[in-house]
(Lines of atoms letter the chains of each structure in order from A and count residues from 1; the text may use other names and numbers.)
(Lines give C-alpha, C1' and ligand atoms only; values in the text may rest on other atoms or scores of the structure.)
Protein backbone atom coordinates (compact mmCIF):
# COMPACT_ATOMS: atom_id res chain seq x y z
CA UNK A 1 0.00 0.00 0.00
CA UNK A 2 1.09 3.56 -0.61
CA UNK A 3 0.98 6.14 2.17
CA UNK A 4 -2.13 7.63 0.57
CA UNK A 5 -3.87 4.25 0.49
CA UNK A 6 -2.96 3.63 4.13
CA UNK A 7 -4.19 7.09 5.13
CA UNK A 8 -7.53 6.63 3.36
CA UNK A 9 -7.99 3.18 4.92
CA UNK A 10 -7.33 4.55 8.42
CA UNK A 11 -9.68 7.50 7.95
CA UNK A 12 -12.46 5.29 6.60
CA UNK A 13 -12.05 2.85 9.51
CA UNK A 14 -12.25 5.62 12.11
CA UNK A 15 -15.25 7.24 10.42
CA UNK A 16 -17.10 3.91 10.27
CA UNK A 17 -16.62 3.04 13.93
CA UNK A 18 -18.39 6.20 15.15
CA UNK A 19 -21.96 6.84 13.91
CA UNK A 20 -21.57 10.54 14.74
CA UNK A 21 -19.21 10.83 11.78
CA UNK A 22 -21.85 9.73 9.27
CA UNK A 23 -21.72 12.04 6.28
CA UNK A 24 -18.16 13.28 6.87
CA UNK A 25 -16.41 13.56 3.52
CA UNK A 26 -12.74 12.70 3.04
CA UNK A 27 -10.99 15.69 1.42
CA UNK A 28 -8.93 15.29 -1.75
CA UNK A 29 -6.06 17.43 -0.45
CA UNK A 30 -3.24 15.43 1.18
CA UNK A 31 -2.62 17.90 4.00
CA UNK A 32 -6.33 18.07 4.80
CA UNK A 33 -6.44 14.27 4.90
CA UNK A 34 -3.56 14.27 7.39
CA UNK A 35 -5.35 16.82 9.56
CA UNK A 36 -8.55 14.76 9.50
CA UNK A 37 -6.72 11.53 10.38
CA UNK A 38 -4.84 13.13 13.25
CA UNK A 39 -8.03 14.74 14.56
CA UNK A 40 -9.87 11.42 14.50
CA UNK A 41 -7.01 9.72 16.34
CA UNK A 42 -6.77 12.52 18.92
CA UNK A 43 -10.42 12.25 19.98
CA UNK A 44 -10.75 8.47 19.72
CA UNK A 45 -11.38 6.80 23.09
CA UNK A 46 -9.32 3.77 24.11
CA UNK A 47 -11.18 0.79 22.66
CA UNK A 48 -10.77 -2.40 20.68
CA UNK A 49 -8.90 -2.00 17.41
CA UNK A 50 -8.64 -4.57 14.64
CA UNK A 51 -5.31 -6.21 13.86
CA UNK A 52 -5.61 -4.95 10.29
CA UNK A 53 -6.02 -1.36 11.46
CA UNK A 54 -3.00 -1.63 13.76
CA UNK A 55 -0.84 -3.17 11.05
CA UNK A 56 -1.70 -0.46 8.52
CA UNK A 57 -1.49 2.31 11.11
CA UNK A 58 1.93 1.09 12.27
CA UNK A 59 3.25 0.98 8.71
CA UNK A 60 1.84 4.43 8.02
CA UNK A 61 3.26 6.10 11.13
CA UNK A 62 6.68 4.48 10.87
CA UNK A 63 6.98 5.55 7.25
CA UNK A 64 5.82 9.09 8.10
CA UNK A 65 8.48 9.36 10.80
CA UNK A 66 11.12 7.89 8.48
CA UNK A 67 10.26 10.48 5.82
CA UNK A 68 10.46 13.25 8.40
CA UNK A 69 13.95 12.08 9.36
CA UNK A 70 15.11 10.12 12.39
CA UNK A 71 17.87 11.57 14.57
CA UNK A 72 20.08 9.21 16.55
CA UNK A 73 22.30 9.97 19.52
CA UNK A 74 25.35 9.67 17.27
CA UNK A 75 23.99 12.57 15.22
CA UNK A 76 24.07 14.88 18.24
CA UNK A 77 27.03 16.87 19.49
CA UNK A 78 27.76 16.51 23.22
CA UNK A 79 28.02 19.63 25.35
CA UNK A 80 31.72 20.40 25.71
CA UNK A 81 33.24 20.69 29.14
CA UNK A 82 30.49 18.84 31.01
CA UNK A 83 30.55 15.20 32.04
CA UNK A 84 32.06 12.54 29.82
CA UNK A 85 30.28 13.42 26.63
CA UNK A 86 26.93 12.36 28.08
CA UNK A 87 25.09 15.72 28.04
CA UNK A 88 23.32 17.07 24.95
CA UNK A 89 21.09 19.98 23.97
CA UNK A 90 19.01 19.40 20.85
CA UNK A 91 16.38 21.52 19.14
CA UNK A 92 14.04 19.37 17.12
CA UNK A 93 11.02 17.08 17.04
CA UNK A 94 11.24 14.67 19.97
CA UNK A 95 9.03 12.14 18.15
CA UNK A 96 11.87 11.59 15.66
CA UNK A 97 14.60 11.05 18.26
CA UNK A 98 16.06 7.55 18.51
CA UNK A 99 17.12 7.24 22.14
CA UNK A 100 16.11 4.68 24.75
CA UNK A 101 13.41 6.90 26.28
CA UNK A 102 11.73 10.24 25.73
CA UNK A 103 9.80 12.21 28.33
CA UNK A 104 6.23 13.30 27.74
CA UNK A 105 4.83 16.31 29.60
CA UNK A 106 1.47 14.74 30.37
CA UNK A 107 -1.68 15.91 32.12
CA UNK A 108 -3.11 14.25 35.22
CA UNK A 109 -5.48 12.11 33.14
CA UNK A 110 -2.44 10.51 31.49
CA UNK A 111 -4.32 9.47 28.33
CA UNK A 112 -2.94 12.11 25.99
CA UNK A 113 -4.23 15.38 24.62
CA UNK A 114 -7.81 15.17 23.35
CA UNK A 115 -7.79 18.49 21.47
CA UNK A 116 -7.60 17.77 17.72
CA UNK A 117 -4.21 18.62 16.22
CA UNK A 118 -3.09 20.55 19.30
CA UNK A 119 0.60 21.45 19.07
CA UNK A 120 1.52 20.26 22.58
CA UNK A 121 4.09 17.52 23.04
CA UNK A 122 1.49 15.21 24.61
CA UNK A 123 -0.57 15.37 21.42
CA UNK A 124 2.44 14.85 19.15
CA UNK A 125 3.74 11.85 21.07
CA UNK A 126 0.36 10.11 21.23
CA UNK A 127 -0.34 10.84 17.56
CA UNK A 128 2.87 9.32 16.22
CA UNK A 129 3.07 6.50 18.76
CA UNK A 130 -0.35 5.33 17.58
CA UNK A 131 -3.68 4.52 19.19
CA UNK A 132 -2.05 1.76 21.27
CA UNK A 133 -0.45 4.34 23.56
CA UNK A 134 -3.76 5.78 24.77
CA UNK A 135 -5.10 2.27 25.34
CA UNK A 136 -2.10 1.29 27.46
CA UNK A 137 -2.19 4.56 29.41
CA UNK A 138 -5.92 4.16 30.06
CA UNK A 139 -5.29 0.67 31.42
CA UNK A 140 -2.61 1.98 33.77
CA UNK A 141 -4.92 4.71 35.02
CA UNK A 142 -7.86 2.35 35.45
CA UNK A 143 -5.72 0.07 37.58
CA UNK A 144 -4.37 3.04 39.56
CA UNK A 145 -7.88 4.33 40.23
CA UNK A 146 -7.03 8.02 40.52
CA UNK A 147 -5.41 10.85 38.60
CA UNK A 148 -1.64 10.97 38.31
CA UNK A 149 -0.08 13.10 41.06
CA UNK A 150 2.25 15.93 40.11
CA UNK A 151 5.93 15.04 40.16
CA UNK A 152 5.57 11.29 39.59
CA UNK A 153 6.10 9.27 36.40
CA UNK A 154 4.86 6.26 34.45
CA UNK A 155 6.62 4.28 31.70
CA UNK A 156 5.09 2.74 28.58
CA UNK A 157 6.31 1.24 25.33
CA UNK A 158 6.84 3.80 22.56
CA UNK A 159 5.08 1.70 19.92
CA UNK A 160 5.75 3.41 16.56
CA UNK A 161 8.20 6.05 17.78
CA UNK A 162 11.94 5.49 17.16
CA UNK A 163 12.63 5.36 20.91
CA UNK A 164 11.95 2.31 23.09
CA UNK A 165 9.98 3.90 25.92
CA UNK A 166 7.93 6.95 26.78
CA UNK A 167 8.13 8.31 30.31
CA UNK A 168 5.00 10.28 31.21
CA UNK A 169 5.20 12.87 33.98
CA UNK A 170 2.86 15.60 35.21
CA UNK A 171 4.69 18.82 36.00
CA UNK A 172 3.33 21.61 38.20
CA UNK A 173 0.80 24.08 36.77
CA UNK A 174 1.62 27.69 37.65
CA UNK A 175 -1.48 29.78 38.33
CA UNK A 176 0.10 32.71 40.14
CA UNK A 177 3.46 33.53 41.66
CA UNK A 178 6.05 30.75 41.51
CA UNK A 179 6.44 28.98 44.87
CA UNK A 180 9.08 26.77 46.46
CA UNK A 181 6.59 23.89 46.24
CA UNK A 182 6.30 24.40 42.47
CA UNK A 183 10.07 24.16 42.16
CA UNK A 184 10.20 21.03 44.31
CA UNK A 185 7.46 19.35 42.27
CA UNK A 186 9.26 20.13 39.01
CA UNK A 187 12.47 18.65 40.38
CA UNK A 188 10.46 15.60 41.46
CA UNK A 189 9.26 15.10 37.88
CA UNK A 190 12.85 14.92 36.63
CA UNK A 191 13.94 12.63 39.46
CA UNK A 192 10.94 10.33 39.02
CA UNK A 193 11.70 9.95 35.31
CA UNK A 194 15.37 9.23 35.97
CA UNK A 195 14.61 6.64 38.66
CA UNK A 196 12.06 4.86 36.46
CA UNK A 197 14.43 5.01 33.49
CA UNK A 198 17.26 3.45 35.49
CA UNK A 199 14.95 0.70 36.78
CA UNK A 200 14.16 -0.21 33.17
CA UNK A 201 17.73 -0.26 31.89
CA UNK A 202 17.53 3.01 29.99
CA UNK A 203 20.95 4.26 28.87
CA UNK A 204 19.82 7.45 27.11
CA UNK A 205 16.89 9.76 27.86
CA UNK A 206 15.54 12.90 26.22
CA UNK A 207 13.75 15.43 28.40
CA UNK A 208 11.30 17.95 27.02
CA UNK A 209 10.99 21.28 28.86
CA UNK A 210 8.51 20.06 31.47
CA UNK A 211 5.81 22.55 32.58
CA UNK A 212 7.11 25.48 30.52
CA UNK A 213 4.34 25.50 27.89
CA UNK A 214 0.68 25.81 28.79
CA UNK A 215 1.61 24.97 32.41
CA UNK A 216 3.36 28.39 32.54
CA UNK A 217 6.52 27.54 34.52
CA UNK A 218 9.11 30.30 33.83
CA UNK A 219 11.60 28.94 31.29
CA UNK A 220 14.78 30.23 32.96
CA UNK A 221 13.97 28.80 36.38
CA UNK A 222 12.70 25.55 34.86
CA UNK A 223 15.96 25.07 32.96
CA UNK A 224 18.02 25.77 36.08
CA UNK A 225 16.03 23.19 38.04
CA UNK A 226 16.27 20.66 35.21
CA UNK A 227 20.04 20.86 34.87
CA UNK A 228 20.71 20.95 38.62
CA UNK A 229 18.36 18.06 39.38
CA UNK A 230 19.72 15.81 36.65
CA UNK A 231 23.31 16.66 37.57
CA UNK A 232 22.63 15.86 41.23
CA UNK A 233 20.92 12.57 40.34
CA UNK A 234 23.76 11.47 38.06
CA UNK A 235 26.32 12.25 40.76
CA UNK A 236 24.42 10.45 43.53
CA UNK A 237 23.83 7.39 41.37
CA UNK A 238 27.24 7.43 39.66
CA UNK A 239 25.28 7.20 36.42
CA UNK A 240 26.61 7.32 32.87
CA UNK A 241 23.10 7.73 31.46
CA UNK A 242 23.17 10.02 28.46
CA UNK A 243 20.96 13.08 28.90
CA UNK A 244 19.36 15.03 26.06
CA UNK A 245 17.58 18.29 26.80
CA UNK A 246 15.17 18.61 23.89
CA UNK A 247 14.09 22.21 23.26
CA UNK A 248 11.59 23.81 20.92
CA UNK A 249 12.90 27.34 20.41
CA UNK A 250 16.26 28.95 19.66
CA UNK A 251 15.85 30.92 22.89
CA UNK A 252 15.56 27.74 24.97
CA UNK A 253 18.48 26.21 23.09
CA UNK A 254 20.67 29.19 23.98
CA UNK A 255 19.42 29.08 27.57
CA UNK A 256 20.41 25.43 28.12
CA UNK A 257 23.73 25.82 26.33
CA UNK A 258 24.58 28.79 28.54
CA UNK A 259 23.61 26.91 31.71
CA UNK A 260 25.84 23.98 30.82
CA UNK A 261 28.81 25.89 29.42
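Here the Cβ of each residue, glycine as well, is placed from N, Cα and C on the backbone.
Fair warning: this is a prediction, and the values are worked out from it, not measured in the lab.
Swiss-Prot names 93, 94, 120, 121, 122, 211, 212, 213, 215 for binding ADP-D-ribose. Of 107, 195, 237, the residue it gives for the same site is 107.
Long-range neighbours of residue 107 (ADP-D-ribose binding site) (same chain, six or more residues apart, CB within less than 8 Å of its CB): 113, 122, 170.
Spacing of residue 211 (ADP-D-ribose binding site) relative to residue 120 (Zn(2+) binding site) is 11 Å (Cα to Cα, whole number).
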